[in-house]
Amino acid sequence: MEGLCLNLDCSELPNSSWVNSSMENQNHSSNSTRDPLKRNEEVAKVEVTVLALILFLALAGNICVLLGIYINRHKHSRMYFFMKHLSIADLVVAIFQVLPQLIWDITFRFYAPDLVCRLVTYLQVVGMFASTYMLLLMSLDRCLAICQPLRSLHRRSDCVYVLFTWILSFLLSTPQTVIFSLTEVGNGVYDCRADFIQPWGPKAYITWITLAVYIIPVMILSVCYGLISYKIWQNIRLKTVCESNLRLSTSRRATLSRVSSVRLISKAKIRTVKMTFIIVLAYIVCWTPFFFVQMWSVWDPNPPKEASLFIIAMLLGSLNSCCNPWIYMLFTGHLFHDLLQSFLCCSARYLKTQQQGSDLSASRKSNSSTFVLSRKSSSQKSITQPSTA
């Protein structure tokens, strides 16, 4: 996540060189004993291995979810619509954030033109914004579905909201193209690094990214799930009152109908609320260490220099892109089941077609051989038959 380590020289993580290119002069004394052109290869190998595993799980999981939604009969529901776009956002994170970081860790330096450097760091943050805001949109939808169910029954312009989320993600990521560039870090050695003109630049930008991607979304998510929890508590309380009145009511049928309707509202939506809550919890767990370390490194006059701390925080942030699809599978098991059934059905159909093709080919060969033998037999019979003339 070179493009995410805005204040740090992430390409030098393995050898604990954590000073931003714009801050090297004021911190030169603390780095004088380090060689910025070398790294700890053992730590780099571990990081490459973990990133490769995260990339595989993220690609496999999100592709399975998208295929499962495609073949599922409920794919036009609002929840599946948001799940689809959150999976697409996670794929963007995997392809344009985790994969470039993996290649970067393998090569150690950025071996590409300046334009590619700016584009890669830009797309790295696009995926992070899109994934966060798509999760926020999904949670707001669940909040409306629980707190205002009559309003949520009307089909809203979901495509407009999703399109706005993507456009906003692309726009908010544009500063990356200005901040990052191909910079000389040694004698003839170039790397893709951040460069701030003003000394307060890293603090301002890191704080802005943390607010836009983490703090403000988490605050909104907390309000959403606070309202959802309160509404569910009210729902359970009403259900309990109705069930107690059922024993005393003279109009048992009307009360039973009321109890059933309350239970229906709860059962229809509680599962999706649980799923989105677990996704939000995974997001907070994965990204909290990363943003904490980012803010610590720019606001503390004596930031930590331990490479392992920053590497773990970075890898945890990347891990979020492969968590979501497996959470989907856990709460909507029929997605995986439908995908597996479709795969088995297609495989059986393919094998059956192949078998029919081979049987037809064998039948044609058999008929051809029979025809040749009969022709040969008839010709021999005509030769051996005596002439009547």
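Placement of Cβ uses the backbone N, Cα and C atoms for every residue, glycine included.
Just so it is clear, the model here is predicted, and its values are computed rather than measured.
As recorded in Swiss-Prot:
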- CYS117-CYS192: disulfide bond (DISULFID)
- ASN15: N-linked glycosylation site (CARBOHYD)
- ASN20: N-linked glycosylation site (CARBOHYD)
- ASN27: N-linked glycosylation site (CARBOHYD)
- ASN31: N-linked glycosylation site (CARBOHYD)
- 360-389: region 'Disordered' (REGION)
- 1-50: topological domain 'Extracellular' (TOPO_DOM)
- 72-87: topological domain 'Cytoplasmic' (TOPO_DOM)
- 109-119: topological domain 'Extracellular' (TOPO_DOM)
- 141-159: topological domain 'Cytoplasmic' (TOPO_DOM)
- 181-207: topological domain 'Extracellular' (TOPO_DOM)
- 229-275: topological domain 'Cytoplasmic' (TOPO_DOM)
- 297-308: topological domain 'Extracellular' (TOPO_DOM)
- 330-389: topological domain 'Cytoplasmic' (TOPO_DOM)
- 51-71: transmembrane segment (TRANSMEM)
- 88-108: transmembrane segment (TRANSMEM)
- 120-140: transmembrane segment (TRANSMEM)
- 160-180: transmembrane segment (TRANSMEM)
- 208-228: transmembrane segment (TRANSMEM)
- 276-296: transmembrane segment (TRANSMEM)
- 309-329: transmembrane segment (TRANSMEM)
Answer yes if the transmembrane segment (309-329) and the transmembrane segment (88-108) have at least three CB pairs under 8 Å among residue pairs 6 or more apart in sequence, and no otherwise.
yes
What mean pLDDT does the predicted model reach across the topological domain 'Cytoplasmic' (229-275)?
64
Maximum Cβ pairs under 8 Å to the transmembrane segment (208-228) - stretch from the list 51-71, 88-108, 120-140, 160-180, 276-296:
120-140
What's the number of neighbouring CB atoms sitting within 10 A of the CB on CYS192 (disulfide bond)?
25
Long-range Cβ neighbours of the transmembrane segment (88-108) (under 8 Å; 6 or more residues past either end):
1-4, 11, 39, 44, 47-48, 51-52, 54-55, 58-59, 62-63, 66, 120, 123-124, 126-128, 130-131, 134, 318, 320-322, 324-325
Its residues classified by DSSP, the topological domain 'Extracellular' (109-119) shows 6 helix, 0 strand, 5 coil
Sort out the residues at least 6 away from either end of the topological domain 'Extracellular' (109-119), same chain, that have Cβ-Cβ distances under 8 Å to it, and list them.
2, 11, 176-177, 180-182, 189-192
